[in-house]
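Have a look at the structure below before the remarks.
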Amino acid sequence: MKLVFLVLLFLGALGLCLAGRRRSVQWCAVSQPEATKCFQWQRNMRKVRGPPVSCIKRDSPIQCIQAIAENRADAVTLDGGFIYEAGLAPYKLRPVAAEVYGTERQPRTHYYAVAVVKKGGSFQLNELQGLKSCHTGLRRTAGWNVPIGTLRPFLNWTGPPEPIEAAVARFFSASCVPGADKGQFPNLCRLCAGTGENKCAFSSQEPYFSYSGAFKCLRDGAGDVAFIRESTVFEDLSDEAERDEYELLCPDNTRKPVDKFKDCHLARVPSHAVVARSVNGKEDAIWNLLRQAQEKFGKDKSPKFQLFGSPSGQKDLLFKDSAIGFSRVPPRIDSGLYLGSGYFTAIQNLRKSEEEVAARRARVVWCAVGEQELRKCNQWSGLSEGSVTCSSASTTEDCIALVLKGEADAMSLDGGYVYTAGKCGLVPVLAENYKSQQSSDPDPNCVDRPVEGYLAVAVVRRSDTSLTWNSVKGKKSCHTAVDRTAGWNIPMGLLFNQTGSCKFDEYFSQSCAPGSDPRSNLCALCIGDEQGENKCVPNSNERYYGYTGAFRCLAENAGDVAFVKDVTVLQNTDGNNNEAWAKDLKLADFALLCLDGKRKPVTEARSCHLAMAPNHAVVSRMDKVERLKQVLLHQQAKFGRNGSDCPDKFCLFQSETKNLLFNDNTECLARLHGKTTYEKYLGPQYVAGITNLKKCSTSPLLEACEFLRK
């Protein structure tokens, strides 16, 4: 009995121990000084009865990344270069909290990578060959990735299998790059001031490590240029006269004072960030710990312990000394979105040959939404002679995110998504120009013809004679998808203006609005794919998705009203669609609801519509605009409406089902005539309307992009 009691006591104690471990955030320290500070943090949090934190020590950021991925630790603060590494397989970590810099009045979650030199010299950024260089550390953002990416054209490096470190070792006469292999690349460690095993170490045991160390390397006269961040000079030199002895090298091969960093920097890069596991990452616990820690031990909060401070002789332990707080990173943001396409691509390019970099720059990667679009895209890619390749995602917003990260380059979007993409920094490049219903003859000037927009309409069965715009409340509704123009933004924007209520799931009795919560009324009418899977997903796996899907929802008597565009009914009735559900449908069996309470035939949409909507448009990043335009205009000359290889080989504007990649009634992709921002393209009235509607609910991607603009 006594033995049983002891066993139970032991198991209870073990359970309490494990429960404590589950509640506690295990912080990973990358050096002994960091571990010492971490234990001080732990003791001070305990004193104020704050959230528990425990500490483990590893010898490098990569070891901490591995420990977190293996669930042996929970969090570590990383520079952007290691955020990139942490986001890769097999680790798949993501940033959960960003360090905030600046002031309380002007906080920012970015900093500037700069090249600092002593005044008096005459060399410029393009004249560094043969000089001596000081770096914060191998693979770090300001000290390695950004400057080496900037200098790559001068390095005489053709790419792998030779490591880029070899080219850098040849380029500079001597360097200090903490973390470099001093056996393989002795020149990269020649300037370092550490002794014995600590020479060139990736830790504070190397005096020239990190920002202050690299700047010290320059100040001591060891190096000619230091690659650091803009704040280092101000943090390490409080005297203005001393700061005046240094200046910045600018990308335009001029020099500027150190306080002109906004006009003279190598790159603007995201803050250091705390990373955690993408799945079961204790994000809430980590944020609660950081929030309370900054409240108790932030700037000027406590004389006993400084969260953003380091002991004399040390710098930036656990967090940057210049940080003023943390900002929680929205859950939609992974490492690629956090770093941005420019920096993300720059790091990748440091690992590719010149030929690979040039080939990627020339190629357009199209993003396909869902399996059906991907099949069509792969067919296009196979005939494009390498000009176009494909990536895919399950939703439009996921595709927009791939374009933002540089993993894809372009896609054609409905106006509602053009708004989202524009808010995230993408731009319209070409617009879908639609065939005129009045004429079937091709327009030789289609590419230069200004786009007119299309009509968003509410379609009902002609037999439902009592149904008008004024009586749609409580009926069953069919929508193209949430956030799309004709199917959501316009009708729901009108209803919001009428009712002032955001409870759209209560306005109609049941709906199919792909992209909604599958458990809500807004998905009740959706049917998914042939196997009954993928119900309410915002792609073509949901049979009631898109213009054709929403009309099918009405035609099959699931819904009472369908919100589509004016040509949708024409394209799917009177023999224009041979699919089983549509082949017997008659145009005359449907009618339009007018805003004045009247009803009219479908052919009279000009005088009975909800609003004029902007045409779909191709969007991309600014860096890809010209190449994308060149490729698409060439591709439509071959595969467009009257292309040389359509219909014999492939047609861009025809689909196995309906409206895959582009709308099937697209006549051509047309120039924008100056409407090259989302605001200009969509027009002020539409932008104002959708901005108003977003008060009801924003999307995770919009929330993420709002954060990234800070």
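Glycine residues also receive a Cβ, built from the backbone N, Cα and C atoms like all the rest.
Out of C377, C390, C399, C424, the record in Swiss-Prot bonds C705 through a disulfide to C424.
As stated in Swiss-Prot, the feature region 'Interaction with PspA' covers range 39-46 out of the listed 39-46, 231-238, 503-510, 511-518.
Together with Y111, Y211, H272, Swiss-Prot lists one candidate of D74, D79, D181, D321 for binding Fe(3+) 1, that being D79. Between the stretches 20-29, 240-249, 650-659, Swiss-Prot puts its region 'Bactericidal and antifungal activity' entry on 20-29.
Take the Fe(3+) 2 site that Swiss-Prot assigns to D414, Y547, H616: the candidate from Y454, Y678 listed for it is Y454. Between C176 and the candidates C192, C200, Swiss-Prot records a disulfide bond only with C192. Looking at the candidates C446, C478, C502, Swiss-Prot gives C446 as the cysteine bonded to C668 by a disulfide. Same-chain residues that are not part of D79, Y111, Y211, H272 yet have a Cβ within 8 Å of the Cβ center of the Fe(3+) 1 site turn out to be G80, T136, R140, T141, A142, R229, V269, S271, D316, K320.
Taken residue by residue with DSSP, C176 (disulfide bond) is part of a strand. For the hydrogencarbonate 1 site, the Cβ centre of T136, R140, A142, G143 serves as reference, and the other residues of the chain with Cβ at most 8 Å from it are D79, G81, A113, H135, G137, T141, W144, N145, V146, S210, Y211, A214, F227, I228, R229.
In this structure, the C-alpha atom of Y211 (Fe(3+) 1 binding site) lies 29 angstrom from that of C705 (disulfide bond). Comparing Cβ neighbour counts within 10 Å across the recorded positions K92, R140, H272, the minimum falls on K92.
Between the CA atoms of C28 (disulfide bond) and A142 (hydrogencarbonate 1 binding site) there is a gap of 22 Å, rounded to the nearest whole number.
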